[in-house]
Amino acid sequence: MKTVVLPFYVKLACVLLSILLLGYLAILGHTILAPLILGFLCSVLLLPLANLLERNFQMPRSVSSLLSSIALVILIGAVFTLLGTQLSSLANDWPAFKQQLLKSAADLQFWISDTFHVNNKAQIDYINQAASKSLSTGTTLLSKTLMSLSSLFLLLLFSFLYTFFILFHRRLIVRFLVNSFKENHSPVVYEIVYQIQYIIKRYVVGLFLQMLIVTILACLAFYFIGVKYSFLLGLITGIFNIIPYVGIFTALVITVLITFATSTATNVLFVVIALVVIHAVDGNYIMPKIVGSKVQINTLIALIGLVLGEMLWGITGMFLSIPIIAIMKVVFDRVPELKPWGMLLGDESSEEGSYMKIPKRTRKQKIENLLD
């Protein structure tokens, strides 16, 4: 039988069309895919706890999966409770914030009048005109905010459900993946499955360690500078720092505004310097040593993935883009036809086959954990 060889431009057109189709399907399936992938990441992280409850305490799979999922909810709830407690104390000082902001606005108004020779009445008229335009869109803004909160609640709810069911049916899922390929490919499928589990677990743990270290550094810096809400602002900095590239700048804006309303301009300058130094330490040491060593993806691909993730799924897509690319690299490295793409996703400084450096004992334990 004669084999048909397609021209290069036909292959390229098929690849581009497939990428566009996948992107379109990802946009349409955002409501299902985003919590499903997030639940998958959480289930991989909770798998050791579920195995511990099953083996050491003889719990049924359903009970161990449920308790593991609830433990994650309690941990996340504790973080949000701590953050809410700090925000409530911040809200109690709102009158002082308002007075400080009014004073700063008056000083700014005087500076504009003295520098640009724009009288106070013209400035007030311009502000009133801008405020009236903002009020006309206030209802739309409020409705969008409520929809965002409801979407976040649904995302967390379905992520919890997916986490539980993936943990509960993990043996069935693995066997489905193995049986989807020929029998001689079973070792490769098992290899890919436990490598994905290994990498995701280390990546998520590294991400939490990074958040903890950045939070501690920011809290200490703000405390010694003399910022009033040093713990709250340090916690916000650590949490927002999880969002690559843009998170630290968002935390910088929030921290500068709160510091400006509660302290002097000198402290604001010190806060900016402290955050720049923390970001430099995080980008050059913490991120490469703790997180980057877990997922060896080059900076260009990571940046493209973040942009595409934000375009498709917003902040959720930015958070999920790095682990998704890491999973793709694991698959590409194990499929001979896709190895060049795995090289493209990887880092030049990383050694070839670095994902394969998993102890044999750990490898055997992981396969047993997936099938038990």
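FYI, residue positions are counted from 1 along the chain as it appears here.
Every residue, even glycine, has its Cβ placed from backbone N, Cα and C.
Listed features, source TrEMBL:
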TRANSMEM  7-27  transmembrane segment
TRANSMEM  33-53  transmembrane segment
TRANSMEM  65-85  transmembrane segment
TRANSMEM  146-168  transmembrane segment
TRANSMEM  203-225  transmembrane segment
TRANSMEM  231-261  transmembrane segment
TRANSMEM  268-287  transmembrane segment
TRANSMEM  299-332  transmembrane segment
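Of the recorded ranges 7-27, 268-287, 299-332, the transmembrane segment (33-53) has the largest number of C-beta contacts under 8 angstroms with 299-332. Taking residue pairs at least 6 apart in sequence, the transmembrane segment (231-261) and the transmembrane segment (146-168) share fewer than three C-beta contacts under 8 angstroms.
By the Cβ criterion (under 8 Å, sequence separation of 6 or more), the transmembrane segment (299-332) is not in contact with the transmembrane segment (65-85), since fewer than 3 such pairs are found. Away from its own ends, the transmembrane segment (65-85) comes close to residues 42, 45-46, 49-50, 53, 59, 156, 160, 163-165, 167-168, 232, 235-236, 239 of its chain (Cβ-Cβ under 8 Å, at least six residues beyond either end). Sequence-distant contacts of the transmembrane segment (268-287) (same chain, six or more residues past either end, CB-CB distance under 8 Å): 210, 213-214, 217-218, 221-222, 225, 227, 237, 241, 248, 251-252, 255-256, 259-260.
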